[in-house]
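Feature annotations, courtesy of TrEMBL:
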type	residues	note
DOMAIN	23-233	domain 'Cytidylate kinase'
BINDING	Gly27, Pro28, Ser29, Gly30, Ser31, Gly32, Lys33, Ser34, Ser35	ATP binding site
Amino acid sequence: MPDASQTPETAGEAVLSDTPLVVAIDGPSGSGKSSTARGVAVRLGLANLDTGAMYRAAAWLAMHEGLDLADGPAVARLVREADLDLELDPAHQSVTVNGHDVTQAIREPEVSAAVSAVSTNLDVRADLIARQRRIISEARSGIVAEGRDITTVVAPEAPVRVLLVADAAARIARRHAELGGDVDAAAVHDQVVRRDRDDSTVAAFHDAAPGVTVLDSTDLNLEQVVDAICALVPPAFDPAVAR
C-alpha cells in the first residue's frame, strides 16, 4: 500500500530516484554519436553501449568465416550463435567475438565498407536489438546507448532521448579526421553517404520521434554537446544509484 504521507509528486520522485538512468542517442554517420556518448557516460558515471560496434563485430565475424554477406539466413544464424561481448566502461571499451579481441579489427576499412550489408539484415538486427535491450536492462548503474534506432526501437522509454545531427560537410570532415589524414576523402564521403542511405532503410534516424530532442552539433565542440545532453537529465535521476 502506498505511503499516505506521500503526495503524487514525491511518490513519483521516490520511484524515479531508484531507476537507473538511460540516455539514448541516435544520429547519422559522423554526427559525433560515439564521442558524445562516451563523454556523457564519463561525466555522469554511466556505462556506455556502442551498438554500432555490435553490428561491426557481426560483420567482422561473417567476413572472418568467409560467408557471403548476401546470404542473409546464413549470416543471421552465425551471428545468433556468436558470443559478442562489449566492455561497457567508457574509459576502457573493447569488443570480443567468441573470445577474440576485435576492438581494432572492426574499425578496419573493409569492415566499414561491409557493415551495412549486415546492419540491414532484419534477422541480425532483431537478434542484436534483443541483446541491446538486455544489456540496457541489466545496467543497474545506468547507461548511455548510441546508435541508429535507440530512441525509437531499443529504448523508446528512456528519460533522455536525443537525435544528434550535423550538416553533411561537418559529418564528413569529422569522419575523415577520425579515420586519419591518409584516408581518401572521396572514400570517406562515399562511406558516410552510403551508410546513411543503407541504414535509413531499416532505421528512421533522420527525423526525431515525438519526445526526442534534436541537437545540432555542426557548430558545437564536444564539450558543448556533452553539456547540452547532460542538461536534459531530469533532476530526480541519480546516476550513482545502485553503485
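Placed from the backbone N, Cα and C atoms, the Cβ positions cover glycine too.
The number of other CB atoms found within 10 A of the CB of Ser31 (ATP binding site), across every protein chain shown, is 29. Counting other Cβ atoms within 10 Å of each Cβ, the lowest count among the binding-site residues Gly27, Ser35 belongs to Ser35. Same-chain residues that are not part of Gly27, Pro28, Ser29, Gly30, Ser31, Gly32, Lys33, Ser34, Ser35 yet have a Cβ within 8 Å of the Cβ center of the ATP site turn out to be Thr36, Leu164, Ala166, Arg171, Arg174. According to DSSP, Gly27 (ATP binding site) is assigned to coil rather than to any helix or strand. Comparing Cβ neighbour counts within 10 Å across the binding-site residues Ser29, Lys33, the minimum falls on Ser29. Look at Ser35 (ATP binding site): DSSP puts it in a helix.
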